[in-house]
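For reference, TrEMBL has these:
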| type | residues | note |
| --- | --- | --- |
| TRANSMEM | 46-68 | transmembrane segment |
| TRANSMEM | 75-93 | transmembrane segment |
| TRANSMEM | 113-134 | transmembrane segment |
| TRANSMEM | 170-189 | transmembrane segment |
| TRANSMEM | 205-225 | transmembrane segment |
| TRANSMEM | 245-263 | transmembrane segment |
| TRANSMEM | 284-307 | transmembrane segment |
| TRANSMEM | 313-333 | transmembrane segment |
| TRANSMEM | 340-357 | transmembrane segment |
Amino acid sequence: MREAKALPLSITGQETEEPTLKEQVTVSTNSSIVPRTNNYKRWMRIVLSTVLVLAGQATGTLLGRLYFEKGGKSLWLATLMQLSGFPILILYYCLSSLRKPTVAGSGTSPSPSAVALASVYVSLGLIVATYCFLYSIGLRYLPLSTYSLISTSQLAFNAFFSFFLNSQKFTPFIVNSLILLTMSSVLLVSNEDSSTRNRVSRGKYAIGVVCTILASAGNGLDLALAQFCFRKVIKSNSVPALMDFVIYQSLVAASVIAVGLFVSGDWKGLKGEMEEYELGKVSYIMVLVWICILWQGFAIGSTALLFEVSSLFANSVTVVALPIIPVLAVIFFGDRMGCVKVVAMLLAIWGFISYAYQHYLDDQKPSSEHTTSVNNEA
């Protein structure tokens, strides 16, 4: 009888061990599936943000040139249109906050103080207002190819500032990307037609070059500081944090440019400018509206790439759009397209792929280490 009683005990012991083994299998499979799904969602967000950056910058730049070529003269208005699209985000922000109310005491990291956030938004907003106005000067006085070339220097400026502010590491793939993007820009300037410089005086041409270089430096500094502030001050990668950053930064920048528009007196000539616009009043309004929408999409995409990957990656995507601008200029403005511009565009795409592949390798490292550790435990 004792042996008969002992047998069921051993059987029940095996039965209790089997569910634990199944639970371990399910836990290990779930732990391997969840990172993969999160990786796919992250790369989908990166792709969507990249499309916003490329479409926003390339098309917005072409429309900015169209504004100046067809009779637009106000630098303040052209800059204001780049920054005044944030009310669209305010509407989306209000609707999303009504659908998803915040829950207090969620156990997250403490939110930064209002003074710290205000200082971040105001300082970065002033930087954005400054380099956007400088970009408008360069876009007005320089040919598109020259403008695109000088704008690529923002990648070097951003790498310099990110090295000190964000401890940016330079791997062989990143260095290869920087070299290829720089080569594409050099090819563009070597293909520049000398007759394009006769459109403006030498003084205005020099002003355009200097202003575009300073704007590129300001853009690189802004992205590096934004990444630093997200990591040290804001400490959140959520969508509301992104919306707050874009809205308040754009609000400060647009307010500064709006004050400049009225103080300079350019607002008095806007009515006559619209009436004398070569494409008509409706086209004048539509050009300004689409400049506003496209540059706002660029701001959202670049900020999203900033905390999804890094400020240097966001700047690399921005540089990719610059060789595309001369190609679009051929289609819409009738510029000549040579083999040099085609090679420059291919080099820029190759450089971007090199940089993206480095981040793909970085994403694969944690998952591979996780799978090896699981296999060793098994």
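From the backbone N, Cα and C atoms, a Cβ is placed for every residue, glycine too.
Across 75-93, 113-134, 170-189, 284-307, stretch 113-134 shows the highest tally of CB pairs under 8 A with the transmembrane segment (205-225). Below 8 angstroms of C-beta separation, residues 50, 53-54, 57-59, 61-62, 65-66, 69, 144-145, 147-149, 151-152, 154-155, 158-159, 177, 181, 184-185, 188, 219-220, 223, 301-303, 305-306, 341, 344-345, 347-349, 351-352, 355-356, 359 of the same chain, each at least six residues beyond the ends of the transmembrane segment (313-333), sit close to that stretch. The transmembrane segment (75-93) is in contact with the transmembrane segment (245-263), judged by 3+ CB-CB distances under 8 Å for residue pairs 6 or more apart in sequence. The transmembrane segment (245-263) makes no contact with the transmembrane segment (46-68), as judged by fewer than three Cβ pairs under 8 Å among residues 6 or more apart in sequence.
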